[in-house]
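Have a look at the structure below, then the notes.
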Amino acid sequence: MALNLTTSRRALGSLKPLTRAAFVGARGYATAEPDLKATLREAIPAKRELLKKVKAHANKTIGEVKVENTLGGMRGLKAMVWEGSVLDANEGIRFHGRTIKDCQKELPKGKTGTEMLPEAMFWLLLTGQVPSTNQIRVFSRELAEKAQIPEFVAKMLDNFPKDLHPMTQFAMAVSALNYESKFAKAYEQGLNKADYWEPTFDDCISLLAKLPTIAAKIYQNSYRGGGALPAEVDLEQDWSYNFAAMLGKGGKENENFQDLLRLYLALHGDHEGGNVSAHATHLVGSALSDPFLSYSAGLQGLAGPLHGLAAQEVLRWILQMKEAIPAKYTEQDVNDYLWSTLNSGRVVPGYGHAVLRKPDPRFEALMDYAAARPEIAQDPVFQLVQKNSQIAPEVLKKHGKTKNPYPNVDSSSGVLFHHYGFHETLYYTATFGVSRGLGPLAQLVWDRALGLPIERPKSINLEGILKQVEGQ
């Protein structure tokens, strides 16, 4: 196992540590404002005091456990701490109290485009504060400077079978980055528990910086014949622009796609802590596994059909519908196709949510983005998604087997990638994996800063449940 072990380090010692990737741009951003680590350092004491106040109420109850919670995947249980976001069934997601629309208005934008930067969302998730544009320019540059991946990881990706699932490649590459983990090395040497957060922070920033590079290399190898990426990392550009450029969508002519990517990455970054990718990252991290191993676990959870594959399933279903109904379809044609899907025992993909009971604000944000751009609004596939969102809720209500008949974010994300020429649906989850690093990695830093313990819930067998509840 190539984990934290000294023997593993020796085994990999002969490999060159870093590729010497070329970077363009020379101008830095001088600022008297604190950088991200300094801002976080200032926030930690107050949060530790808050934890002490909460612990003073340790014997009080914040909920009850029903049999349906235990049998139903722990759904609805308040069982873990998650600082960055809170999901309300009726209001949707809030990031430190801010709605998506608030974030779109308040968070810094890129040098081009109008959408919030996902690295600004990370700053908000981690610190609870809205950064200045100058602070984010400095942070974007730091991410660009750390974007290169070790040479042995690049070679590993190059040697994978081209048809190996992108998420398998992604998880393995992220796990292998643990070879350079500052936290793992500091822990081996002995580290005060109060200081765990700092090398964890360093690892999280390093990983966040490298996620687009890994994902772009997977795309290049799997779908574009391998070889060098289409663009080098530009130190003057933001995280999303560089990801877009490495996917072959750099330059002024691709500004709309770059802005879509900013919005997509920011929207998908965090959605409370109970979803599989976030919880898996937290769970593995609670054992003091470093951020690379922890987020690799999150990526493997994200690869599951019930979690991160929904966007590709929606697109496939929409394209099948488009082929099955007339070119000049009516609302009745769409209605009939929806019923045929349900009557065949299948679900309508892209509708419903484990928590939400209203339309997903992330779906609305992406649809608003698309509707404001004529080239997308006129796309027949997008128009069909739009028509479905108007008709499907009533059909699902009549069907009566869903608590939330409204569209979720997956209804719109895949079709937008498809519009911009990304037709490789298996890859959509890898893009999700770049985004989802924002929330779980921010929380992982707080897990270490607050000294949260290893996760160890109590399990019970079915006989035990029955004995406990019979006669109640």
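Glycine is treated like the rest: Cβ placed from N, Cα and C.
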Remark   = oxaloacetate binding in Swiss-Prot involves His271, His353, Arg362, Arg456; of Arg262, Arg373, Arg436, Arg448, the partner in that site is Arg436
Request  = Would you mind pulling the DSSP three-state label for Arg436 (oxaloacetate binding site)?
outcome  = helix
Remark   = Here the 10 Å Cβ neighbour count for Gly350 (CoA binding site) comes out at 27
Ask   = Looking at the recorded positions His271, His307, His353, Arg362, Asp410, Arg456, which ones sit with their CA no more than 10 Å from the CA of Thr402 (CoA binding site)?
value = His353
Request  = Pop the Cα-Cα gap between Arg456 (oxaloacetate binding site) and Asn408 (CoA binding site) into the table, whole Å please.
outcome  = 32
Ask   = Could you give the Cα-Cα distance between Asp410 (active site) and His353 (active site), in whole Å?
value = 10
